Amino acid sequence: MSALAPLRLLREPSNASEGNHSNATLGAGSGWCQGLDIPNELFLALGLLSLVENLLVVAAILKNRNLHSPTYYFICCLAVSDMLVSISNLAEMLFMLLLEHGVLVMRPGIVRHMDSVIDTLICSSVVSSLSFLGVIAVDRYITIFYALRYHSIMTLQRAVATMAGVWLASTVSSSVLVAYYRSNTVLLCLIGFFLFMLVLMLVLYIHMFALARHHLHSISSQQKPPTAHRGGSLKGAVTLTILLGVFFICWGPFFFHLILIVTCPTNPFCTCFFSYFNLFLILIICNSVIDPLIYAFRSQELRRTLREVVTCSW
């Protein structure tokens, strides 16, 4: 096993195992096709950093009653998803090291069972992270365009139902992915889900920025200072856009990897791209590290509460 086992299962297409050996010979002549040898210590360090950061975000939201709103509950769920990526990564790395050094001796059947459990946990956190980014974007959209009706539209009951639905759907879909990860149909569904959420968030953000730009135009023409609500809406849209950009940069190469698995599994160029799989995994973990930093620096209330949590001012 290696870091992020279920993603490792998608390292290369199963129907190209023989072709990859011959194509590897063609690509081996180019130094840039050798891939990257990333040490396990880097995976462990990033996993620990992400775990600590997301724990602080969850603790800050739970501590401050002013943050007990659907928006911050969704952010808390996103932090939990990122935290699960870190926990499962650390658990797998520890499990692998104990097996390799003979400290832990287990039957092959038990090892496969534990690997499947970790696979499902990571896949579930991956799908839920993407889902909650979409939910947060929709929530921000409602806040801006239906401000007066927000509390009647996004009630606590609906927020709880949304969160429960995302977690349930993520668990079911991850179980299917782990069981049928060699199926191109499953990969196409995963790619389609990623593209759907990406297009959804892009449309929402473009609409939000169009409104914010219109408001700023009106304010400048009337020479009136911007209201707190409009300034906060623009700031929130900028924050979510940064999150979307970070997510696309960190996850884009992995989903492009899946597209190549489906479209050109034996092509020499695709085989060369597959060799950088460890880099894609590092980018995925970096997404879990960067998200909490964006929350801390963009939200003054959350930033203040984080300082209190760090200094143990309970």
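Even glycines carry a Cβ here, placed using N, Cα and C.
Quick look at what TrEMBL annotates:
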type	residues	note
TRANSMEM	42-62	transmembrane segment
DOMAIN	53-295	domain 'G-protein coupled receptors family 1 profile'
TRANSMEM	74-97	transmembrane segment
TRANSMEM	117-138	transmembrane segment
TRANSMEM	159-179	transmembrane segment
TRANSMEM	185-212	transmembrane segment
TRANSMEM	233-261	transmembrane segment
TRANSMEM	273-297	transmembrane segment
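Listed by sequence, the residues of this chain that lie at least six past the ends of the transmembrane segment (42-62) yet keep a Cβ under 8 A from its Cβ atoms are 3, 68, 72-73, 75-76, 79-80, 82-83, 85-87, 89-90, 93, 281-282, 285-286, 288-289, 291-293, 295-296, 302, 305-306, 308-310. Of the recorded ranges 74-97, 117-138, 185-212, the transmembrane segment (273-297) has the largest number of C-beta contacts under 8 angstroms with 74-97. The transmembrane segment (117-138) shares the most Cβ pairs under 8 Å with 74-97, out of the stretches 74-97, 159-179, 185-212.
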